[in-house]
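Q: One structure follows; several queries about it will come next.
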């Protein structure tokens with residue numbers, strides 16, 4: 001068996017068959033072809049890139065390859081589409097065209113290698129395939145290398161006479177399509193060992209084993225190698241700890257040239273007794289069974305002899321005929337089954353040295369993809385958001401987020417999706433199918449992700465940890481929502497009123513206020529709620545129920561959130577930090593209110609006078625000025641206040657308590673605000689400045705009174721004579737004049 005070529009793993013479609021494929025199936029075809037090509041590249045089996053791969057990477061139709069003038073020449077990279085174009089009339093012309101393009105006016109007889117080669121015409125060879133013999137006077141391996149790398153001699157069968165051993169090697173590059181002979185045609189024969197080789201580069205490497213030429217050194221295994229292409233292949237095989245040994249000569253080779261023997265793993269064909277030592281050759285072998293039969297496809301009423309057509313039938317019927325014997329999973333493609341079966345259940349033999357990631361699949365393709373992620377090589381990048389992907393198909397699906405395209409539509413409800421897998425999952429809602437079952441409790445789920453999340457309830461594992469507060473979650477979505485508590489992000493905005501929310505579910509519930517849909521009303525006060533749980537919590541206000549109790553101090557709360565905030569008093573935790581000044585708070589509402597000191601936002605407005613406030617509590621207290629309400633009454637003297645803080649400060653006048661002391665002069669005060677304003681006498685600070693005249697004051701009340709001199713406002717009116725004043729102190733002083741008159 002020869003070296004695996006791109007043609008061996010390529011899938012062919014006729015033009016008629018290609019036109020019947022859906023866009024998703026074409027994308028699948030392109031991904032499979034590109035992935036097969038990358039597999040060959042990772043194993044060092046491809047010399048240069050086929051035309052078909054170039055077109056597929058540019059997301060062009062494969063049939064556009066036929067419109068190109070340039071024809072692929074070398075057989076191991078020969079495009080199976082361009083091959084059809086090489087008829088007897090065009091082969092010689094195409095060959096001459098390639099020669100002239102690369103070497104100017106030089107013809108076949110005047111190549112730059114002619115100093116080392118003698119050209120002898122072989123008699124009896126006519127037609128397109130011009131058989132020529134080259135006698136090698138002085139062997140130079142670099143000449144052979146350049147000869148084949150330039151792809152000059154690929155279209156004609158050649159013979160090479162090696163003077164040192166007087167052995168003749170023949171090479172044929174074109175496949176006789178009518179007779180279906182082997183793609184490689186004639187073999188290279190090395191008489192000294194009677195071993196057949198498929199390509200001259202392999203012959204040269206084998207020759208070097210006997211000659212003893214070893215020019216390339218491997219740093220990993222301290223081995224010396226025979227050819228320039230060997231180090232790459234050797235390092236890959238050394239990395240995977242796989243070597244192939246020739247039993248006849250007991251020489252170790254890094255390419256599978258002769259009898260292959262894989263030490264770690266083998267792949268057995270389900271349809272015959274064939275055992276392959278490489279996954280790619282196992283895939284190649286399976287195509288033999290497909291080509292041996294002809295499948296009848298009733299939908300198009302034609303016989304299909306290619307595996308691609310059989311796959312089309314399977315796609316139409318939604319069949320999954322390939323079943324895994326180990327886990328019972330069914331797949332619609334033999335390739336998928338093969339890849340699925342070679343995944344070990346426990347061991348992870350492949351580890352990428354850059355990031356330390358371990359892979360289940362013992363294949364260099366997965367290491368190549370991880371290398372692309374780490375190094376940024378060969379990634380497909382989105383032009384809209386610069387996000388990168390290792391597969392072009394993933395990029396195409398991602399771009400639908402920006403374009404809004406949703407090509408996959410549900411026939412039951414008409415809902416559309418941008419990805420076929422989303423549609424498959426959605427269909428389970430209608431069918432009730434739940435293929436993912438928990439082994440612990442037997443509960444079934446329609447998505448594998450739901451099963452994975454459910455299994456954490458049994459293990460108690462919480463993989464997702466917050467970097468700010470170290471809180472852990474079983475679901476990544478819960479962590480994302482939690483992180484918005486720290487960042488203050490509220491991405492969900494109501495189009496009706498502009499209110500923002502941190503969760504989409506909260507926005508959905510809020511919208512019901514505007515639509516009036518399914519509102520839950522309190523039987524006591526008729527207050528409506530969009531969520532039933534919110535109604536239950538609200539009813540505790542009327543019942544006085546406080547089910548959440550603090551274990552530290554025994555204090556009870558009607559809401560769990562209040563208990564959580566209360567716990568932070570005991571722990572001293574302040575997880576909410578202001579980015580502007582680094583001040584921390586124990587609850588998110590405190591941070592939200594604090595931010596308004598930086599932004600100057602005042603969202604709460606008094607309906608009576610239009611005055612705006614940063615805090616809702618301030619506007620509530622302010623309204624009491626208009627209503628005259630003073631709900632806070634001193635039990636000692638009966639004096640009432642419209643602020644609770646005023647009552648607290650007043651009560652200290654009865655107790656004599658003065659907890660706030662000035663460090664400069666030792667003077668004590670019964671209010672924190674009094675101490676703050678007192679300190680300005682020592683510092684000379686006057687933070688309150690008039691916008692009209694620029695005059696500054698050390699007290700806010702002084703600035704408020706001063707502004708009334710500009711506006712003419714006099715809110716304090718004497719009930720005796722009707723005289724008005726702009727300051728309360730002026731009114732009090734004026735009222736004393738009336739009391740003196742009475743005395």
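Each residue, glycine too, has its Cβ placed from N, Cα and C.
Features from Swiss-Prot:
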- 4-75: domain 'KRAB' (DOMAIN)
- 66: SUMO2 cross-link (CROSSLNK)
- 135: SUMO2 cross-link (CROSSLNK)
- 267-289: zinc finger (ZN_FING)
- 322-340: zinc finger (ZN_FING)
- 380-402: zinc finger (ZN_FING)
- 408-430: zinc finger (ZN_FING)
- 436-458: zinc finger (ZN_FING)
- 464-486: zinc finger (ZN_FING)
- 492-514: zinc finger (ZN_FING)
- 520-542: zinc finger (ZN_FING)
- 604-626: zinc finger (ZN_FING)
- 632-654: zinc finger (ZN_FING)
- 688-710: zinc finger (ZN_FING)
- 716-738: zinc finger (ZN_FING)
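Could you give the neighbours, burial and distances for every feature on this list?
A: Within the model, the domain 'KRAB' (4-75) carries an average pLDDT of 68.
The DSSP breakdown of the zinc finger (408-430), given as helix, strand and coil counts, is 11 helix, 4 strand, 8 coil.
The list of residues near the zinc finger (436-458) in space but at least 6 beyond its ends in sequence, with Cβ under 8 angstroms from a Cβ of it, reads 425, 428-429, 474-475.
When DSSP labels each residue, the zinc finger (464-486) comes out as 11 helix, 4 strand, 8 coil, counted as helix, strand and coil in that order.
With helix defined as DSSP H, G or I and strand as E or B, the zinc finger (492-514) counts 11 helix, 4 strand, 8 coil.
Beyond the ends of the zinc finger (520-542), by six or more residues, the same chain brings 509-513, 558-559 to within a C-beta distance below 8 angstroms of the stretch.
Listed as Cβ neighbours of the zinc finger (604-626) (distance under 8 Å, sequence separation of 6 or more from its ends, same chain) are residues 593, 596-597, 642-643.
Sequence-remote contacts of a segment are chain residues at least 6 beyond its ends whose Cβ falls under 8 Å from one of its Cβ atoms, and for the zinc finger (632-654) they are 621, 624-625, 670-671.
With DSSP states grouped into helix (H, G, I), strand (E, B) and coil, the zinc finger (688-710) comes out at 11 helix, 4 strand, 8 coil.
Under 8 Å from some Cβ of the zinc finger (716-738) lie the Cβ atoms of residues 705, 708-709, all in the same chain and six or more residues away from its ends.
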